[in-house]
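Annotated features, as they stand in TrEMBL:
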- B:88-294: domain 'ABC transmembrane type-1' (DOMAIN)
- B:20-47: transmembrane segment (TRANSMEM)
- B:94-114: transmembrane segment (TRANSMEM)
- B:123-147: transmembrane segment (TRANSMEM)
- B:167-193: transmembrane segment (TRANSMEM)
- B:273-295: transmembrane segment (TRANSMEM)
Amino acid sequence: MPRGKAAKLWGVCVPDLPGKNAIEVRGVRKVFGAGEAQIAALDSVSVSIRENEFFTLLGPSGCGKTTLLRLIAGFDFPSEGEILLYGDDIAPLPPFKRPVNTVFQSYALFPHMTVAENIGFGLEMLGKPKAEIGARVAAMLKLVKMEQLAKRRTSQISGGQQQRVALARALAPQPKVLLLDEPLSALDYKLRKEMQIELKRLQNETGITFIFVTHDQEEALAMSDRIAVMSSGKILQVGSPWDIYDRPAVRFVADFIGETNFLDAEVVSVSGDRATVKLSSGSAIKATFPAGTMPAGKVTIVVRPEHAEVMPAGARAPVLGGIIENIVYLGTDTHFHVKLADGPPFIVRQQNSKSGPCGFDKGENVGIEISSDVAQILKD
Amino acid sequence: MASAAELAKTRARRDVRNRWLLSAPALLIILLAATGPLLIVLVYSFLAPGAYGDVKWQFSTDAWVSVLLERDIFDDTLSIADAHLSIFWRSVKLALGTTLLTLLFGFPTAYFIATRPERMREVWLFLITIPFWTNLLIRTFAVLEIIRNEGVVNKVLLATGVVEQPVQMLFTDFAIMVGMVYVYLPLMVLPLYASMEKLDFRLIEAGYDLYATRFKVLRRIIFPLVKPGVIAGSILVFIPSLGAYVTPSILGGGKNLMLGNLIELQFGQGRNWPLGAALSITLMAVVMVALLAYVRNAGDSEVRHG
């Protein structure tokens, strides 16, 4: 019963309730520098990360996601606020007293040790008996499929293998939470795809809470149970990949993740969780809006390119109308860059379900149909 | 027209010739300034002393015998030369002590400099090298001024009432050690800094993350990785300390001799050049044995770690 043992070891009480929080960040602020040159890397950040969750911090570089990870690991200390691990404030503890391990972006493997020594280092520092360390290292090597390379120096193995060793090293002491700081960014595309699946498998097998930092939205969507989108030291939205992609709350989230179309609209009426908005073309459509808000007046709505469809002008009364400015053929699908009748550009992505040309030409007048229930009203 | 193979051969020959030409000045200096004089010293150590210094050109092993043994004036028997042995022992002891102390002071200093922002590192390194600009004699006299009985330290101790009588620090082994640590500290800091600068500090974070305390991070991660610097610094400090001459003669007051002083004595007042030559070569041998032992030991632990 590894969890119970860990609990005794660390003296942290772990109640066995479903859906409890592994990490709770409460009103954390982190300021670097002093006086005039002060920079707030994190500004009143609060977020709860559930047990056994694959949680991703997503955002552009400099958004504070790595800072938040370093605060949880203990390499930096928050200027304000608290960080709870299963209910206990760990913010003042040094990193070597936190049952939390990190997989570093650079892997940070010890070059003067072998693969096996690297993996066993954490256990050795915890004062585990030799036999237990040996068994655990062997199990870890098996878990990351590196049994053959146990005696190698870390400089004698490839980048992908180093990645696996870094993972095994961080998992070996059975941390309560595993922190991953853009661990896949140094790998090439194919290896990255493989490791994404591998990471998901490891998380399922070990049942450890993963906190994953990345700037790659595709990676975040593919792996996460929940995603927190960050920008300028703030968390803008937390939700499932579907929430984040299909129901973005603010413009930054909609813009950062995937391609999207922004349209001006005016709220006509609200009933339940749907609002009816009038577009500048005159047509009215239904749109969803972020929970806890009450849309009114002039708003911006977003429509994903794949949720719209191009059709010959005049076939039916379309929602929008415009002229095709450009057609980009991408193999699996085709992008239509349409200039709407009242000015703004609009992108439609259509899957190439049939072979052959798409049947539209540049400069052609077309109508754009938007499927029901896909438009989302933004908060800002 | 020359074939490609011939061209390549000519080029290779020219490369070899150029290599010799380019290394000629260095080789010449080594031959004239190092190997040659060393051979003269070796030859002199097997000759007999002249009456007014210099050597008599006749083969003799007396000098080598008296390195460790002394002949009784009356009955001509040989016994262990206690005076020489105690000087050997003091030299090794003081040199080892100096090496350890410079390591103790130099390690945190180098670590401090290596962890500063890039621009500040240059400033700190500059400060470390400032003592090099001053003459060794002047620096040694400065130490003397601080630790002599009427010096700064004793004045402060007397004024604050910590001691009644001035503490005798000058003309002791302690004084020699203080002087040598002060003089040789930069020689330890610079190679240590050079290897610490290359240290990936993310490895230290990784160590902390894997439950290593500060001391364990130092012992298991920092120390093994900067070991080349530790070895280089120790060698750079140990060798000149073992043969130190100026510092022990000023701060030791001629009472506490070290090997360097003993050698000087033989070439000067002692008028026994062959013995001086034999002692010089003995000093070199001691240094070489120490170096070999050190490097062998360092190499071993390297293998053990990986």
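For all residues, glycine too, the Cβ spot is worked out from N, Cα and C.
Keep in mind the model is a prediction, meaning the values are calculated, not measured.
Among the stretches B:20-47, B:94-114, B:123-147, B:273-295, the one making the largest number of Cβ pairs under 8 Å with the transmembrane segment (B:167-193) is B:94-114. For the transmembrane segment (B:20-47), the partner stretch with the highest count of Cβ pairs under 8 angstroms, out of B:94-114, B:123-147, B:273-295, is B:273-295. Here the transmembrane segment (B:123-147) has Cβ contacts under 8 Å with residues 109, 112-113, 116, 153-154, 169-170, 175, 178-179, 182-183, 186, 189-190, 193, 246-247, 250-251 of the same chain, all six or more residues outside its ends.
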